[in-house]
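For reference, TrEMBL has these:
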- 1-13: compositional bias 'Basic and acidic residues' (COMPBIAS)
- 1-102: region 'Disordered' (REGION)
- 77-89: compositional bias 'Basic residues' (COMPBIAS)
- 104-295: domain 'SAM-dependent MTase TRM10-type' (DOMAIN)
- ASP226: active site, proton acceptor (ACT_SITE)
- 295-354: region 'Disordered' (REGION)
- 299-312: compositional bias 'Basic and acidic residues' (COMPBIAS)
- 324-344: compositional bias 'Basic and acidic residues' (COMPBIAS)
- 345-354: compositional bias 'Polar residues' (COMPBIAS)
Amino acid sequence: MKGEGNLDFEGPRHQIMSSEILPAFSETSNVERKQDLNEDQEENQKPGLGEGFEPISKRQMKKIMKQKQWEEQRELRKQKRKEKRKRKQLERQCQLESNSEGSDRKRIRRDVVYSPLRLIIDCSFDSLMVLKDIKKLHKQIQRCYAENRRALHPVQFYLTSHGGQLKKNMDENDKGWVNWKDIHIKPEHYSEFIQKEDLVYLTSDSPNVLKELDESKAYVIGGLVDHNHHKGLTYKQASEHGIDHAQLPLGNFVKMNSRKVLAINHVFEIILEYLETRDWQEAFFTILPQRKGAVPTDKACESSSHDKKFTRVEGGLNSDSSEEENRNELDSPHKEEKQDKENSTESTVNSILH
């Protein structure tokens with residue numbers, strides 16, 4: 001019974017204490033919640049957007065700030081666009097001025113008159129060249145192709161005996177050659193599809209000198225870059241096969257301080273120039289590089305008459321050359337070849353780009 005009495009006594013007392021504590025606790029909780037709400041409202045209203053706006057999140061605030069920044073920079077963007085338009089307009093104007101020559105070429109291209117003359121590069125000497133010379137040959141062929149494409153009177157361009165190292169090098173370094181236009185690239189030898197009586201092999205060793213070009217003929221240029229290691233080879237082959245041969249009338253119009261051996265592309269370009277001007281001297285002096293030291297024969301004769309000790313006879317032709325130049329040629333046999341390579345490479349790249 002004592003235990004039950006204790007339970008009865010403690011029960012009401014516990015209820016009284018709980019009823020007194022609960023209202024105080026609920027009041028405290030309500031106050032804290034109100035404070036939290038007030039703080040949240042104050043925090044949301046910090047940007048000061050004014051009354052009547054709903055609270056915004058941080059993400060929305062970022063968007064608003066970005067929009068404001070974008071608006072502030074509007075004038076700056078307009079100014080930049082104006083400057084860009086002016087710059088582009090100036091660049092276009094400069095490009096039009098610099099390409100005036102190119103535009104002339106395009107206009108001329110519409111009035112092109114194709115020559116029936118066939119000009120062949122004989123590539124049957126592949127086995128006689130090292131890879132370095134094959135690459136030089138490839139660059140000279142590229143130059144010939146580019147010049148013929150923009151010539152006033154383009155020739156019927158043939159590349160014969162195409163294969164071996166040359167074809168491999170072209171496949172690896174110039175895959176676009178398969179799409180070349182206005183050129184006949186054949187693996188066969190030229191003698192297999194052109195009649196012998198139509199052929200004229202151009203070689204500096206020939207005793208015959210061309211006076212003019214017969215456009216019904218097919219002129220052959222030896223595709224050999226050998227630095228004089230196989231001197232007279234093309235002349236020998238032409239003679240053995242009973243093919244007519246001749247040399248350009250270089251000695252009749254030009255005196256040079258350097259070798260009379262011309263690069264393949266120089267011979268090709270001289271013929272193109274002659275077809276346009278019908279003047280050998282103009283063709284030579286338009287195409288020959290300045291490093292060759294070419295001067296007209298009449299001026300060369302006047303110069304040599306003042307100082308005969310600088311005259312020497314070579315192959316039946318007089319060629320002015322100083323003792324110092326002869327010594328340099330003997331001491332540095334590769335110097336001129338290196339210069340030829342650099343100039344040929346530079347001119348070829350510029351020609352292809354334009």
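Every residue gets a Cβ built from N, Cα and C, even glycine.
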Who sits close to ASP226 (active site, proton acceptor): which same-chain residues at least 6 apart have their Cβ under 8 Å from its Cβ? PHE125, LEU128, MET129, ASP133, LEU233
Summarise the model's confidence over the domain 'SAM-dependent MTase TRM10-type' (104-295) as a mean pLDDT value. 90
